[in-house]
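K.L.:
For 1-116, 142-290, the entry in TrEMBL reads domain 'Cupin type-1'. The oxalate binding site annotation in TrEMBL covers ASN187, HIS192. Residues or ranges marked as Mn(2+) binding site by TrEMBL: HIS190, HIS192, HIS236.
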Amino acid sequence: MSRVDLAPGAINPPHSHPRASQIGVIIKGKVLVGFVTTANVFYSKVLKAGDMFVIPRGLVHFELNVGKGKALFLPAFNSQMPGIVILPTTLFASTPPIPNDVLTKGFQIDAKSTLETLQTIFVNGFPCKPLSEVKSDDFFFDGLRTEGNTTNVFGSKVTSAFVTDFPGLNTLGILMSRVDLAPGGINPPHSHPRASQTGVIIKGKVLVGFVTTANVFYSKVLKAGDMFVIPRGLVHFELNVGKGKALFLPAFNSQLPGLVVLPTTLFASTPPIPNDVLTKGFLIDAKVISDIRSKLGS
Ligand SMILES: *[C@@H]1O[C@H](CO)[C@@H](O)[C@H](O)[C@H]1NC(C)=O
(Lines of atoms letter the chains of each structure in order from A and count residues from 1; the text may use other names and numbers.)
(Lines give C-alpha, C1' and ligand atoms only; values in the text may rest on other atoms or scores of the structure.)
Protein backbone atom coordinates (compact mmCIF):
# COMPACT_ATOMS: atom_id res chain seq x y z
CA MET A 1 0.00 0.00 0.00
CA SER A 2 1.21 3.54 -0.66
CA ARG A 3 0.09 7.14 -0.26
CA VAL A 4 0.22 9.55 -3.19
CA ASP A 5 0.08 13.31 -2.54
CA LEU A 6 -0.74 15.63 -5.43
CA ALA A 7 -0.30 19.42 -5.30
CA PRO A 8 -3.03 21.46 -7.04
CA GLY A 9 -2.74 20.74 -10.78
CA ALA A 10 -0.07 18.09 -10.26
CA ILE A 11 0.14 14.71 -11.99
CA ASN A 12 1.39 11.24 -11.16
CA PRO A 13 2.67 10.88 -14.72
CA PRO A 14 1.83 8.00 -17.08
CA HIS A 15 3.36 4.83 -15.63
CA SER A 16 2.77 1.11 -15.23
CA HIS A 17 3.37 -1.61 -12.62
CA PRO A 18 4.72 -4.75 -14.29
CA ARG A 19 4.07 -7.11 -11.38
CA ALA A 20 0.76 -5.98 -9.87
CA SER A 21 -2.79 -4.95 -10.38
CA GLN A 22 -3.74 -1.95 -8.30
CA ILE A 23 -6.78 -0.81 -6.36
CA GLY A 24 -7.09 2.58 -4.70
CA VAL A 25 -9.30 4.99 -2.83
CA ILE A 26 -9.36 8.80 -2.93
CA ILE A 27 -9.02 10.34 0.54
CA LYS A 28 -9.03 14.05 -0.34
CA GLY A 29 -9.50 16.25 -3.42
CA LYS A 30 -10.67 15.67 -6.97
CA VAL A 31 -8.57 13.33 -9.10
CA LEU A 32 -8.85 12.32 -12.76
CA VAL A 33 -7.77 8.67 -12.95
CA GLY A 34 -7.30 7.03 -16.33
CA PHE A 35 -5.70 4.03 -18.03
CA VAL A 36 -5.34 2.65 -21.53
CA THR A 37 -5.88 -1.03 -22.37
CA THR A 38 -3.82 -3.15 -24.76
CA ALA A 39 -6.67 -2.65 -27.25
CA ASN A 40 -5.89 1.08 -26.95
CA VAL A 41 -9.16 1.98 -25.24
CA PHE A 42 -8.91 4.84 -22.72
CA TYR A 43 -11.05 4.59 -19.56
CA SER A 44 -11.15 7.48 -17.09
CA LYS A 45 -13.22 9.21 -14.44
CA VAL A 46 -13.00 12.17 -12.06
CA LEU A 47 -13.11 10.78 -8.50
CA LYS A 48 -13.79 12.33 -5.09
CA ALA A 49 -13.20 11.30 -1.45
CA GLY A 50 -14.33 7.72 -0.86
CA ASP A 51 -14.35 6.79 -4.56
CA MET A 52 -12.33 3.81 -5.73
CA PHE A 53 -10.53 2.73 -8.88
CA VAL A 54 -8.87 -0.39 -10.24
CA ILE A 55 -5.98 -0.61 -12.73
CA PRO A 56 -5.26 -4.01 -14.35
CA ARG A 57 -1.66 -5.21 -14.14
CA GLY A 58 0.87 -3.63 -16.46
CA LEU A 59 -1.42 -1.05 -18.05
CA VAL A 60 -0.35 2.58 -18.51
CA HIS A 61 -2.23 4.89 -16.15
CA PHE A 62 -2.01 8.28 -14.47
CA GLU A 63 -3.64 10.37 -11.74
CA LEU A 64 -4.15 14.11 -12.24
CA ASN A 65 -5.29 16.53 -9.53
CA VAL A 66 -8.17 18.43 -11.17
CA GLY A 67 -9.41 20.08 -7.95
CA LYS A 68 -8.57 23.43 -6.43
CA GLY A 69 -6.71 22.10 -3.36
CA LYS A 70 -4.30 19.29 -2.55
CA ALA A 71 -5.29 15.70 -3.30
CA LEU A 72 -4.43 12.45 -1.56
CA PHE A 73 -5.13 8.86 -2.54
CA LEU A 74 -4.10 5.45 -1.23
CA PRO A 75 -3.24 2.75 -3.77
CA ALA A 76 -2.86 -0.93 -2.84
CA PHE A 77 -1.10 -3.59 -4.94
CA ASN A 78 -1.28 -7.38 -5.09
CA SER A 79 2.52 -7.60 -4.94
CA GLN A 80 4.93 -6.50 -2.25
CA MET A 81 7.14 -5.13 -5.05
CA PRO A 82 4.86 -4.05 -7.93
CA GLY A 83 7.64 -2.29 -9.86
CA ILE A 84 7.18 1.03 -11.57
CA VAL A 85 7.86 2.11 -15.15
CA ILE A 86 7.49 5.90 -15.33
CA LEU A 87 7.15 6.57 -19.04
CA PRO A 88 8.62 10.09 -19.27
CA THR A 89 11.79 9.13 -17.41
CA THR A 90 11.95 5.57 -18.83
CA LEU A 91 11.80 6.89 -22.38
CA PHE A 92 13.60 10.19 -22.14
CA ALA A 93 15.89 10.02 -19.09
CA SER A 94 17.28 6.47 -18.80
CA THR A 95 20.97 5.77 -18.11
CA PRO A 96 22.44 5.41 -20.66
CA PRO A 97 19.89 7.23 -22.85
CA ILE A 98 17.75 5.40 -25.43
CA PRO A 99 19.18 6.33 -28.88
CA ASN A 100 17.41 9.30 -30.46
CA ASP A 101 16.59 7.21 -33.54
CA VAL A 102 14.48 4.87 -31.45
CA LEU A 103 12.47 7.77 -30.09
CA THR A 104 12.07 9.78 -33.28
CA LYS A 105 11.09 6.65 -35.22
CA GLY A 106 9.17 5.00 -32.41
CA PHE A 107 7.04 8.03 -31.59
CA GLN A 108 7.08 9.58 -35.07
CA ILE A 109 7.99 12.72 -33.22
CA ASP A 110 8.91 14.56 -36.39
CA ALA A 111 6.06 12.97 -38.34
CA LYS A 112 2.26 13.10 -38.15
CA SER A 113 1.22 9.93 -36.37
CA THR A 114 1.42 9.47 -32.60
CA LEU A 115 2.00 6.94 -29.86
CA GLU A 116 0.97 3.63 -31.50
CA THR A 117 3.84 1.58 -30.17
CA LEU A 118 3.24 1.83 -26.42
CA GLN A 119 0.31 -0.58 -26.36
CA THR A 120 2.40 -3.58 -27.36
CA ILE A 121 4.83 -3.20 -24.45
CA PHE A 122 2.43 -4.13 -21.71
CA VAL A 123 0.92 -7.37 -20.57
CA ASN A 124 -2.71 -7.93 -19.70
CA GLY A 125 -5.15 -10.81 -19.19
CA PHE A 126 -8.10 -11.42 -21.43
CA PRO A 127 -11.13 -9.19 -21.00
CA CYS A 128 -14.03 -10.89 -19.26
CA LYS A 129 -16.73 -8.95 -21.12
CA PRO A 130 -17.01 -8.26 -24.82
CA LEU A 131 -14.93 -5.12 -25.30
CA SER A 132 -17.92 -3.29 -26.74
CA GLU A 133 -19.72 -3.65 -23.37
CA VAL A 134 -16.86 -2.42 -21.21
CA LYS A 135 -17.35 1.11 -19.90
CA SER A 136 -15.39 3.48 -17.67
CA ASP A 137 -17.72 2.88 -14.72
CA ASP A 138 -16.63 -0.79 -14.61
CA PHE A 139 -13.29 0.39 -13.23
CA PHE A 140 -14.51 2.96 -10.69
CA PHE A 141 -16.71 2.56 -7.63
CA ASP A 142 -18.21 5.04 -5.18
CA GLY A 143 -19.79 2.53 -2.77
CA LEU A 144 -17.23 3.13 -0.02
CA ARG A 145 -18.20 6.77 0.46
CA THR A 146 -20.97 5.79 2.84
CA GLU A 147 -20.34 5.15 6.52
CA GLY A 148 -21.47 1.65 7.54
CA ASN A 149 -24.29 1.17 10.06
CA THR A 150 -22.58 0.03 13.27
CA THR A 151 -25.81 -0.48 15.24
CA ASN A 152 -25.30 -4.18 15.95
CA VAL A 153 -24.00 -6.40 18.73
CA PHE A 154 -20.32 -5.84 17.71
CA GLY A 155 -20.54 -2.09 16.96
CA SER A 156 -18.82 -2.56 13.60
CA LYS A 157 -19.65 -2.74 9.92
CA VAL A 158 -17.56 -4.04 7.01
CA THR A 159 -18.45 -2.65 3.58
CA SER A 160 -16.65 -4.32 0.68
CA ALA A 161 -16.29 -3.37 -2.99
CA PHE A 162 -17.03 -6.81 -4.46
CA VAL A 163 -16.72 -7.70 -8.13
CA THR A 164 -20.54 -7.81 -8.37
CA ASP A 165 -20.66 -4.03 -7.86
CA PHE A 166 -17.17 -3.26 -9.15
CA PRO A 167 -16.85 -5.40 -12.31
CA GLY A 168 -13.37 -4.19 -13.23
CA LEU A 169 -11.93 -6.19 -10.30
CA ASN A 170 -12.63 -9.50 -12.01
CA THR A 171 -9.54 -11.76 -12.33
CA LEU A 172 -7.27 -9.16 -10.75
CA GLY A 173 -6.96 -10.74 -7.32
CA ILE A 174 -7.47 -7.56 -5.31
CA LEU A 175 -10.20 -6.16 -3.06
CA MET A 176 -10.58 -3.18 -0.76
CA SER A 177 -13.16 -2.54 1.96
CA ARG A 178 -14.05 0.01 4.59
CA VAL A 179 -14.58 -0.94 8.22
CA ASP A 180 -16.47 1.43 10.52
CA LEU A 181 -16.19 0.95 14.28
CA ALA A 182 -18.47 2.67 16.80
CA PRO A 183 -16.76 3.81 20.03
CA GLY A 184 -15.83 0.55 21.80
CA GLY A 185 -16.83 -1.44 18.71
CA ILE A 186 -15.00 -4.58 17.55
CA ASN A 187 -14.48 -6.36 14.27
CA PRO A 188 -14.56 -9.69 16.11
CA PRO A 189 -11.88 -12.41 15.80
CA HIS A 190 -11.98 -13.70 12.22
CA SER A 191 -9.80 -14.99 9.40
CA HIS A 192 -9.62 -14.75 5.59
CA PRO A 193 -8.89 -18.19 4.10
CA ARG A 194 -7.81 -16.93 0.69
CA ALA A 195 -5.91 -13.68 1.28
CA SER A 196 -3.28 -11.78 3.16
CA GLN A 197 -4.40 -8.33 4.18
CA THR A 198 -2.87 -4.93 4.61
CA GLY A 199 -4.69 -1.85 5.83
CA VAL A 200 -4.47 1.75 6.91
CA ILE A 201 -6.25 3.57 9.74
CA ILE A 202 -8.09 6.67 8.49
CA LYS A 203 -9.72 7.85 11.71
CA GLY A 204 -9.65 6.98 15.41
CA LYS A 205 -7.53 4.71 17.58
CA VAL A 206 -7.63 1.00 16.82
CA LEU A 207 -6.05 -2.01 18.54
CA VAL A 208 -5.14 -4.47 15.78
CA GLY A 209 -3.93 -7.96 16.69
CA PHE A 210 -3.43 -11.45 15.30
CA VAL A 211 -2.24 -14.84 16.54
CA THR A 212 0.22 -16.95 14.57
CA THR A 213 0.08 -20.72 14.04
CA ALA A 214 2.79 -20.90 16.78
CA ASN A 215 0.20 -19.22 19.07
CA VAL A 216 2.14 -15.95 19.41
CA PHE A 217 -0.06 -12.86 19.76
CA TYR A 218 1.12 -9.68 17.99
CA SER A 219 -0.79 -6.41 18.45
CA LYS A 220 -0.48 -2.65 18.43
CA VAL A 221 -2.65 0.43 18.94
CA LEU A 222 -2.75 2.37 15.64
CA LYS A 223 -3.76 5.93 14.73
CA ALA A 224 -4.66 7.74 11.47
CA GLY A 225 -2.08 6.98 8.78
CA ASP A 226 -0.70 3.86 10.53
CA MET A 227 -0.68 0.53 8.71
CA PHE A 228 -0.89 -3.15 9.55
CA VAL A 229 -0.51 -6.46 7.78
CA ILE A 230 -2.22 -9.79 8.56
CA PRO A 231 -0.75 -12.96 7.01
CA ARG A 232 -3.22 -15.15 5.14
CA GLY A 233 -5.61 -17.26 7.18
CA LEU A 234 -4.54 -16.07 10.66
CA VAL A 235 -7.11 -15.14 13.33
CA HIS A 236 -7.18 -11.37 13.88
CA PHE A 237 -9.41 -8.55 15.16
CA GLU A 238 -9.69 -4.77 15.26
CA LEU A 239 -10.99 -3.03 18.39
CA ASN A 240 -11.84 0.67 18.65
CA VAL A 241 -9.96 1.84 21.76
CA GLY A 242 -10.49 5.59 21.14
CA LYS A 243 -13.21 7.94 22.35
CA GLY A 244 -14.86 8.56 18.94
CA LYS A 245 -15.72 6.55 15.85
CA ALA A 246 -12.93 4.75 13.98
CA LEU A 247 -12.48 3.96 10.29
CA PHE A 248 -9.89 1.84 8.50
CA LEU A 249 -9.43 0.59 4.94
CA PRO A 250 -8.20 -2.97 4.46
CA ALA A 251 -6.93 -4.32 1.12
CA PHE A 252 -6.62 -7.99 0.14
CA ASN A 253 -4.65 -9.95 -2.45
CA SER A 254 -7.77 -11.82 -3.59
CA GLN A 255 -10.97 -10.51 -5.14
CA LEU A 256 -12.88 -12.86 -2.81
CA PRO A 257 -10.78 -13.31 0.35
CA GLY A 258 -13.50 -15.15 2.28
CA LEU A 259 -14.45 -14.44 5.87
CA VAL A 260 -14.66 -16.81 8.86
CA VAL A 261 -16.09 -14.87 11.83
CA LEU A 262 -15.28 -17.06 14.82
CA PRO A 263 -18.17 -16.12 17.18
CA THR A 264 -20.83 -16.76 14.52
CA THR A 265 -18.98 -19.72 12.94
CA LEU A 266 -18.72 -21.51 16.30
CA PHE A 267 -21.91 -20.44 18.05
CA ALA A 268 -24.41 -19.36 15.41
CA SER A 269 -24.02 -21.73 12.45
CA THR A 270 -27.00 -23.33 10.68
CA PRO A 271 -27.60 -26.02 11.82
CA PRO A 272 -25.78 -25.45 15.14
CA ILE A 273 -22.56 -27.27 16.07
CA PRO A 274 -23.50 -29.88 18.76
CA ASN A 275 -23.06 -28.60 22.34
CA ASP A 276 -20.72 -31.49 23.17
CA VAL A 277 -18.23 -30.29 20.59
CA LEU A 278 -18.18 -26.82 22.15
CA THR A 279 -18.22 -27.81 25.84
CA LYS A 280 -15.41 -30.34 25.28
CA GLY A 281 -13.49 -28.28 22.74
CA PHE A 282 -13.47 -25.05 24.75
CA LEU A 283 -13.75 -26.61 28.25
CA ILE A 284 -16.86 -24.56 29.04
CA ASP A 285 -20.32 -25.28 30.48
CA ALA A 286 -23.38 -25.57 28.27
CA LYS A 287 -24.70 -22.44 30.02
CA VAL A 288 -21.87 -20.35 28.50
CA ILE A 289 -22.79 -21.63 25.07
CA SER A 290 -26.46 -20.78 25.40
CA ASP A 291 -25.53 -17.30 26.73
CA ILE A 292 -23.36 -16.59 23.70
CA ARG A 293 -25.98 -18.03 21.35
CA SER A 294 -28.74 -15.87 22.71
CA LYS A 295 -26.59 -12.71 22.50
CA LEU A 296 -25.76 -13.53 18.88
CA GLY A 297 -29.49 -13.87 18.23
CA SER A 298 -29.33 -17.57 17.46
C1 LIG B 1 -28.95 0.83 11.49
O2 LIG B 1 -29.25 -0.50 11.86
C3 LIG B 1 -30.23 -0.57 12.91
C4 LIG B 1 -30.31 -2.03 13.34
O5 LIG B 1 -30.55 -2.88 12.24
C6 LIG B 1 -31.54 0.00 12.41
O7 LIG B 1 -32.51 -0.06 13.45
C8 LIG B 1 -31.32 1.45 11.98
O9 LIG B 1 -32.50 1.96 11.41
C10 LIG B 1 -30.17 1.54 10.98
N11 LIG B 1 -29.86 2.94 10.75
C12 LIG B 1 -29.82 3.45 9.53
C13 LIG B 1 -29.47 4.90 9.45
O14 LIG B 1 -30.03 2.80 8.53
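Glycine residues also receive a Cβ, built from the backbone N, Cα and C atoms like all the rest.
Source: prediction; values computed, not measured.
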K.L.:
Beyond HIS190, HIS192, HIS236, what residues of that chain have CB atoms within 8 A of the centre of the Mn(2+) site's CB atoms?
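P.N.:
Near the Mn(2+) site, beyond HIS190, HIS192, HIS236, sit PRO189, SER191, GLN197, PHE210, ILE230, LEU234, VAL235, PHE237, LEU259, VAL260.
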K.L.:
How big is the gap, in Å, between the Cα of HIS192 (oxalate binding site) and that of HIS236 (Mn(2+) binding site), rounded to a whole number?
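P.N.:
So the alpha carbons of HIS192 (oxalate binding site) and HIS236 (Mn(2+) binding site) sit roughly 9 Å from each other.
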K.L.:
Can you check what DSSP calls HIS192 (oxalate binding site), collapsed to helix, strand or coil?
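P.N.:
Going by the DSSP assignment, HIS192 (oxalate binding site) belongs to neither helix nor strand, so it counts as coil.
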K.L.:
Using C-alpha atoms only, work out the spacing between HIS236 (Mn(2+) binding site) and ASN187 (oxalate binding site) and round it to an integer in Å.
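P.N.:
It is 9 Å, counting Cα to Cα.
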K.L.:
At a 10 A cut-off on CB-CB distances, which of the binding-site residues HIS190, HIS192 has the highest count?
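P.N.:
For the binding-site residues HIS190, HIS192, the Cβ with the most other Cβ atoms within 10 Å is HIS192.
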K.L.:
When DSSP states are folded down to helix, strand and coil, where does ASN187 (oxalate binding site) land?
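P.N.:
Looking at the DSSP assignment, ASN187 (oxalate binding site) belongs to a strand.
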K.L.:
Near ASN187 (oxalate binding site), how many other Cβ atoms are within 10 Å of its Cβ?
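P.N.:
Result for ASN187 (oxalate binding site): 24 other Cβ atoms within 10 Å.
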K.L.:
Hey, does DSSP put HIS236 (Mn(2+) binding site) in a helix, a strand, or just coil?
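P.N.:
It is in a strand.
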K.L.:
I'd like the number of other C-beta atoms within 10 A of the C-beta of HIS236 (Mn(2+) binding site), please.
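P.N.:
I get 20 for this one.
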K.L.:
Going by DSSP, how much of the domain 'Cupin type-1' (142-290) is helix, how much is strand and how much is coil, in residues?
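P.N.:
Output for the domain 'Cupin type-1' (142-290) reads 22 helix, 56 strand, 71 coil.
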